[in-house]
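As given in TrEMBL:
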type     : residues : note
COMPBIAS : 1-10     : compositional bias 'Polar residues'
DOMAIN   : 102-504  : domain 'Amino acid transporter transmembrane'
REGION   : 1-26     : region 'Disordered'
TRANSMEM : 63-82    : transmembrane segment
TRANSMEM : 103-125  : transmembrane segment
TRANSMEM : 131-156  : transmembrane segment
TRANSMEM : 189-212  : transmembrane segment
TRANSMEM : 224-241  : transmembrane segment
TRANSMEM : 253-273  : transmembrane segment
TRANSMEM : 293-312  : transmembrane segment
TRANSMEM : 332-353  : transmembrane segment
TRANSMEM : 373-397  : transmembrane segment
TRANSMEM : 425-445  : transmembrane segment
TRANSMEM : 451-473  : transmembrane segment
TRANSMEM : 480-504  : transmembrane segment
Amino acid sequence: MGSLGNSANSKAVHESGEDDYDDHKHLSPTHQQLDAGALFVLKSKEKDFIEVTYNLKLKIQRIISLTFNLFYFYYCLIYQLVKFRNVLKDGQKENRNSSLRSWLHCGYHLTTSIVAPPLLSLPFAFTFLGWAAGIISLVVGALVTFYSYNLLSLVLEHHAQLGRRHLRFRDMANDILGPRWGRYFVGPIQFMVCYGAVIACTLLGGQCMKAIYLLSQPNGSMKLYEFVIIFGFLMLVLAQIPSFHSLRHINLISLFLCLAYSACAAAASIYIGNSSKGPKKDYGLKGDTESQIFGIFNAIAIIATTYGNGIIPEIQATIAPPVKGKMFKGLCVCYTVLIITFFTVAITGYWAFGNHSEGLLLSNFLDNGNPLVPKWFILMTNLFTMLQLSAVGVVYLQPTNEVLERTFADPKSKELSARNVIPRVVSRSLSVVIATTVAAMLPFFGDINAVIGAFGFMPLDFILPVVFFNLTFKPSKRSLVFWLNVSIAVVFSALAIIAAIAAVRQIVLDAKTYRLFANV
């Protein structure tokens, strides 16, 4: 009976979560203390495990709830925006529609797509070129792109007058070069350029957020990929904006933002350059002869990326007809802002830091984590840059969205039907999620961006416009225009090939430092 009683008591004690041995009076005091300590540790571990499991359960529930509410919010947002757009489209007369889709709005779109934070890498490009070659490259890039964009606009206007209005770059290639060129060359290149720009914007946005975080928490534990993911959530919301035309107010704000952070970057460079805090000025080219030669072409690819657009037909399609002359006015607005920002940042940044200029000029404002200008000034500059990056990313998402929606949408169903709205929200969201994941995994995207500039922006913005013009208008082979266009096509084709080789070489050299989700 005694053994049965002890067994029953042990079972009861064991079920209550205590030790099996309940008869402590037979143990020595030392053993009783050890036994009590073991019991306390066991209870603490069980308590911690239960608490962690409970917290994990709560987090999973919150994530599921947040995801559901987010998608529901997206659905309602898209429904209301598209509905509002349709009301405007149906209820407005032609003159009102013309004022809504004016050349000024086109200027906003062009400015956001060209005058973007990659301009902060221009002083870095100067480190491979030096003063004379750097400034000449900037001037040539401005002249050639302004000229080629105007040629592209004239080609678009000409085909529109013939009843074939081209809304996309690949439509032009299909009509002028043939279906295979549009499907297998121009279309994929434009998709690569636009999606690469989205990835680059997401990465740079995360880097700006990290810079702001480190100003207040110099020894903070958050990693770069966490900030990239946070910025990705902002992009996820903005990606649901229905169309290019819906972005006109955002792009107007973007125009002022690019002026603001360019002015801040130039002012900080002048301040540091005139103080004793900055590095010793050295404008000599670094490396041996081979490195210098490849560096020159790598810098050309960076400048081509900075001047690149790749979506001129999509932007011109936002202008209400007749479009004659309106694109030229929009380009004048864009290039006025471009000249002010590009040349100011490139010259002041390279003057202040010389061949110590970083890939992103804002990185030069910190020396081993110590700010060389007031913290609030760095915070403000990074904030302006980050906000414009979100606008640039959304602009370059538009061609990608169009490709995905044309693939998954049902033209027979209504625009606001669940059959079309749900695929639209899901495809846009997945597009941003994939771009954010790639940006978080590959924070060395600067090297890959040079490849995109060589393979993408140079063909789309420097070569194809002059080819399209010659094939469309067929100018006389004795005319200056014909030979100027041929010269531009030949020279920049050669530069694109060499720059691509230089960019790939740089990736091979830097490959040993690459690491997924690196905290750079």
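Heads up, the Cβ atoms here are built off N, Cα and C, so glycines get one too.
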Restricting to CB pairs under 8 Å, which listed stretch, 253-273, 293-312, 332-353, is in contact most with the transmembrane segment (131-156)? 293-312
Lying 6 or more residues past either end of the transmembrane segment (189-212) yet within Cβ distance under 8 Å of it, the residues of that chain are 116-118, 169-170, 222, 224-225, 227-232, 234-235, 308, 310-311, 360, 362, 366, 378-379, 382-383, 385-386, 389-390, 392-393, 396-400, 403, 431-432, 435-436, 438-440, 442-443, 445, 448-449, 452, 455-457, 459-460
Does the transmembrane segment (224-241) come close to the transmembrane segment (425-445), meaning at least 3 CB pairs under 8 Å for residues 6 or more apart? yes
Cβ pairs under 8 Å between the transmembrane segment (293-312) and the transmembrane segment (224-241), at least three: no
Considering only Cβ pairs under 8 Å, which range in 103-125, 224-241, 253-273, 373-397, 480-504 makes the most contacts with the transmembrane segment (332-353)? 103-125
Is it the case that the transmembrane segment (224-241) and the transmembrane segment (480-504) have 3 or more CB pairs under 8 Å, with pairs at least 6 apart in sequence? no
Contact set of the transmembrane segment (373-397) with the rest of its chain, CB cutoff 8 A exclusive, min separation 6+ beyond the ends, reads 109, 112-113, 116-117, 120, 194-195, 197-198, 201-202, 204-205, 208-209, 211-212, 215, 231, 234-235, 238-239, 241, 244, 247, 250-251, 253-254, 257-258, 260-261, 264-265, 268, 271-272, 311, 362, 365-366, 428, 431-432
